[in-house]
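Report on the structure given below.
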Amino acid sequence: MSSPTLTVIQTQLNFYVNPTVAILGGIGNIFVTIIFTRQHQNACSMYLVTAAIFNTFYLGFNRILQYFPFYYLDETARAFFLCKIRAYLPTVFGQVAKTMIVFACIDRYLITSNRVTFRALSTPKRAKYLIVFSIIFWSLVSSHIAVGTTIVNGQCGTFGVYAAIYSIFTIIVIGSAPPITMGICGYLTYRNMRQIRLRIQPAANNTNEGNVNIRQRDRDLLIIVMYEICIYFLTASLYPIVLIETIISNNTIS
């Protein structure tokens, strides 16, 4: 398939498919926020609501950039500011949303554990602290993107040595760490659920390993989190591979 044909296909996908996905994703995020904010919130539901909110920010900001592009030919202070913001904010929004799903996975592992001390770690108060910490953490960790992104010959992007640094950051931190963590926590949660089903409950509770009573709402949240993991793997697992292939191709051409 020729390069012009691929360009046309990519343009059509960006113009028609991306907005459809953004609209459906936005509607889903709104429903998640409404449903979970009207109910008594536990730690997992707080993580899911926060993920939905930041995913909405992410989708909305990217659609604004797509339909209202800014040209950087003048290289004014305003142009440099917008260039840095367009790279920085989506990274923060996306990473906070992914971290919330990771926290939700960890929370489901804790709540299905047969150890009382583990289950006690799943509290709304602790979830609030982790949410605030995550927002501050990714705002600081991603600040190098705002510093390193610049304008060269009217093009906004990463160049030179920082382009390689940014690619490594994207592959490891953005593309690889979240799915690996989700996969590990998902497997551990699945193992806990199997143990709950197979375990012969003792007559008396033990201080460290007692009976685990998983309520229906916790089961529903567990199913939602598992679906989130599957969707993330289906939509984002190939991203690091594609990025590595792109880097290798660019180095080969150069």
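The backbone N, Cα and C atoms fix where each Cβ goes, glycine too.
Record features, source TrEMBL:
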- 15-37: transmembrane segment (TRANSMEM)
- 28-254: domain 'G-protein coupled receptors family 1 profile' (DOMAIN)
- 44-65: transmembrane segment (TRANSMEM)
- 85-106: transmembrane segment (TRANSMEM)
- 127-147: transmembrane segment (TRANSMEM)
- 159-190: transmembrane segment (TRANSMEM)
- 221-242: transmembrane segment (TRANSMEM)
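Residues of the same chain lying 6 or more positions beyond the ends of the transmembrane segment (159-190) and with a Cβ under 8 Å from any Cβ of it are 91, 94-95, 98-99, 101-102, 105-106, 108-109, 112, 141, 144-145, 148, 150, 152, 222, 225-226, 229, 232-233, 236-237, 239-240, 243-244, 247. Same-chain residues lying 6+ beyond the ends of the transmembrane segment (44-65) with a Cβ under 8 Å from its Cβ atoms: 18-19, 22, 25-26, 28-30, 32-33, 36-37, 86, 89-90, 93-94, 96-98, 100-101, 103-104, 107-108, 111, 122, 124, 127-128, 131, 218, 221, 224-225, 228. Along the domain 'G-protein coupled receptors family 1 profile' (28-254), the predicted structure has mean pLDDT 82.
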